[in-house]
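Before any comments, here is the structure.
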Amino acid sequence: MAEEKSFKYVIVGGGVAAGYAAREFFNQGVKPGELAIISREQVPPYERPALSKGYIHLENKATLPNFYVAAGIGGERQFPQWYKEKGIELILGTEIVKADLAAKTLVSGTGQVFKYQTLLAATGSSVIRLSDFGVPGADAKNIFYLRELEDADYLAYAMETKEKGKAVVVGGGYIGLELGAALKANNLDVTMVYPEPWCMPRLFTAGIASFYEGYYANKGINIVKGTVASGFTTNSNGEVTEVKLKDGRTLEADIVIVGVGGRPIISLFKDQVEEEKGGLKTDGFFKTSLPDVYAIGDVATFPMKLYNEMRRVEHVDHARKSAEQAVKAIKAAEEGNSIPEYDYLPYFYSRAFDLSWQFYGDNVGESVLFGDNDPESPKPKFGSYWIKERKVVGAFLEGGSPEENNAIAKLARAQPSVESLEVLSKEGLSFATNI
């Protein structure tokens, strides 16, 4: 049997949250040999959002070191040597298959045993696959999902070998929109397919979505709405050649990319800690129902102080900030001190083609569109506010400057009162910049 290893702190998972937790442990003075990161991936933590942006653009020839944590915030990049110098043990290519939280023991797929005093669950999410729904042919070659570096490498290789071929993107959310743009930029003929009446329906209003759909159409991307992929045709090599749609149509395809959502990976901890809304229930310090187990990033369901409700957030900004909060809380508790509870302002952003948008707050209540949302404008700039109980609770802005984006963030946190939707529509962005 493999030798048992013991650490004061163990982070399970090797994504963004894990990397930023390691960074904060170092900032808090962790001693060499106290901390280990155990990750299924073969590389140190990196900025996962880059996979659907810079990394997948073949002309850029971007390489991984550019995306190591903490490149996303302009911090020092954490190369493998960074962890070694800090005395942080990186245990890569290692999947934990069993967690006994009562015994504070983890077991890997090869039988290696790890003991800890404090555990941080940073296991992230897994992609939802079409095979999960029993879609015929969903395991064909050249059907891709994007979650990890290896996925991006396989996709990039296919994009190069199938240059000027036909690509079908299944899904109209974040991944669908970003990869649709990336595929087009890499000279593929792109069709997007999604069942909803417009793209990004969890965030976008119909007015916001109409701009992006128009912009993508002007770039030559074909959009098929209101139907789903119901099957795939393959050639003698098992490679996908067609996507069959539920409405009876078929689409030629050399490459298919699927982005239909993710699921938090919490099976290791099942029936050992409290769960809520699909994640591990935590307090405002990311401590679970077990005092020495913390959950950060995608897997944490935490108190959203601003809205007085429990939420789970899948986003890089929260992954970074929850990691920092948890580590600060752990170290403060050890010293008999306390820190303020997590007070998170929801934040989402995306970049595709020459576009760049940011959103802050909550997209609930009535919405008001302002600005120039004509897809054919040379420099489109528009936004939206969400109003609930006569207060502005959310704000979206496309094409904003850093100062303007900061203004909508401040607005979303301040939640100012508003006289009427008409006034807000007329004032537009100036309502935020004058707060």
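Here the Cβ of each residue, glycine as well, is placed from N, Cα and C on the backbone.
Residues or ranges marked as FAD binding site in Swiss-Prot (evidence: similarity to another entry): G14, G15, V16, A17, E41, R48, K53, I96, R147, E148, D298, V316, Y349. Cβ neighbour count for R147 (FAD binding site): 17 (other Cβ atoms within 10 Å of its Cβ, all protein chains included).
Contacts of G261 (NADP(+) binding site) defined by a Cβ separation under 8 A and a same-chain sequence distance of 6+ are given as V127, I128, G171, G173, in order along the sequence. The NAD(+) binding site annotation in Swiss-Prot covers G172, G173, Y174, I175, G176, L177, E178, E196, R202, G261, E314, H315, Y349.
The Cβ neighbour count for E314 (NAD(+) binding site), using a 10 Å radius and every protein chain shown, is 18. E314 (NAD(+) binding site) falls within neither a helix nor a strand when secondary structure is assigned with DSSP, and so counts as coil. The NADP(+) binding site annotation in Swiss-Prot covers Y174, I175, G176, L177, E178, R202, G261, E314, H315, Y349 and rests on similarity to another entry.
Positions annotated as L-ascorbate binding site by Swiss-Prot: R320, R351. Neighbour list (R351 (L-ascorbate binding site), Cβ cut-off 8 Å, at least 6 residues apart, same chain): K53, E178.
In the three-state DSSP reading, S417 (phosphoserine) counts as strand. Under the heading phosphoserine, Swiss-Prot lists S417.
Among the recorded positions G172, Y174, R202, S417, the residue whose Cα lies closest in space to that of V16 (FAD binding site) is Y174. Secondary structure at G176 (NAD(+) binding site), as computed by DSSP, is helix. Annotation for D298 (FAD binding site): spatial neighbours A17, T123, G124, S125, G262, P264, I265, G279, R312, V313, E314, A319, criterion Cβ-Cβ under 8 Å with sequence separation of six or more.
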